[in-house]
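Record features, source Swiss-Prot:
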| type | residues | note |
| --- | --- | --- |
| REGION | 1-46 | region 'Disordered' |
| COMPBIAS | 10-27 | compositional bias 'Basic and acidic residues' |
| DNA_BIND | 42-111 | DNA-binding region |
| REGION | 60-91 | region 'Disordered' |
| COMPBIAS | 77-89 | compositional bias 'Basic and acidic residues' |
| REGION | 113-161 | region 'Disordered' |
| COMPBIAS | 114-123 | compositional bias 'Low complexity' |
| COMPBIAS | 145-161 | compositional bias 'Acidic residues' |
Amino acid sequence: MKGAKSKGAAKADAKLAVKSKGAEKPAAKGKKGKAGKDPNKPKRAPSAFFVFMGEFREEFKQKNPKNKSVAAVGKAAGERWKSLSESEKAPYVAKANKLKGEYNKAIAAYNKGESAAAAAPKKAAAKEVEEEDEEESDKSKSEINDDDDDEGSDEDEDDDE
């Protein structure tokens, strides 16, 4: 009885077969992925805490040159930020608000340019398609195919040289 399986092993195999079938179905559908990030899009403005973190990092590195842990820097900065009063946080908040205003202007310009840039290529592409359609409609299908064949034969002649 070397090849015989127990009932438990047979059930486990059946469950695996069901799971593998279920796993194959979503892959077959082909999910739509996220659109890639635009490298030209302005970076978001930092909050007051992150403005503070930029300065605190430099101080922390000077005081603790051997400590390279990002977690230690973050923890120390968080504790220090909590201990600051509102008046001590005010310069960081003001700087963050200034950066946020600059970001809002930059993102508005980006969005304005993006919408104009997106509309222009669509119109140009539509005109090109219309022009091609007009040229092709004057010719019969056989003439269009002959033109395509002629273009391909030119490439073959270049290879011989």
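Heads up, the Cβ atoms here are built off N, Cα and C, so glycines get one too.
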- prompt: How does the DNA-binding region (42-111) divide up by DSSP, counting helix, then strand, then coil residues?
  reply: 56 helix, 0 strand, 14 coil
Task: Restricting to the DNA-binding region (42-111), report the mean pLDDT as a whole number.
output: 95
